[in-house]
């Protein structure tokens, strides 16, 4: 029974990973073709990110299917309500206010505002294809990250604390936001870290208050879409 229990997820993961990787390869080859390049001459960083992205999406999908049935219930069948859209708009407003605030602080203190390290690496990595960069930054990354950080990690970490329910949620929210920030920045308590930590708190709060993973996913997609447009200017 134990072997059977783990065989099904592993087989499902293997099949889904191969399918995801195949779609990535096809998409990259098509993108490179229209840019006059081939997969053989592509920089290793792009190929590495392709495999890493396929792995990330596959892991998130399989964990979603097999980790906790209650997690699947967070994907409600009804449309986003007006109350939930208000959370989305408030979240985007807070993110914009925080970014503008940091921008002004840097200007006042005489520092030059730079793009976060995470955004700079994406620009360098995907200079080969606009469509590929757009798909990854605006859609793939937000969905995969929200499934992992808010959909899985917040539930998983919360199980280790046998304390007041509300206090447990806040501790879990802070921990997950710190992990989220650390994965998007180079140094602890750097400007990048603080910005992404704030973003993580907003995304986590939106999920906590609505109990719908679609809400932080939409906020994350819209935030990345805006950042992507700014990067193009």
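For all residues, glycine too, the Cβ spot is worked out from N, Cα and C.
Ranges compared are 170-187, 188-205, and TrEMBL records transmembrane segment for 170-187. If one looks beyond the transmembrane segment (87-110) by at least 6 residues along the same chain, the residues whose Cβ comes under 8 Å of a Cβ in the stretch are 80, 191, 194-195, 198-199, 202-203, 205-206, 209-210, 215-216, 218-219, 222-223. Mean model confidence for the domain 'CAAX prenyl protease 2/Lysostaphin resistance protein A-like' (129-226) is a pLDDT of 85.
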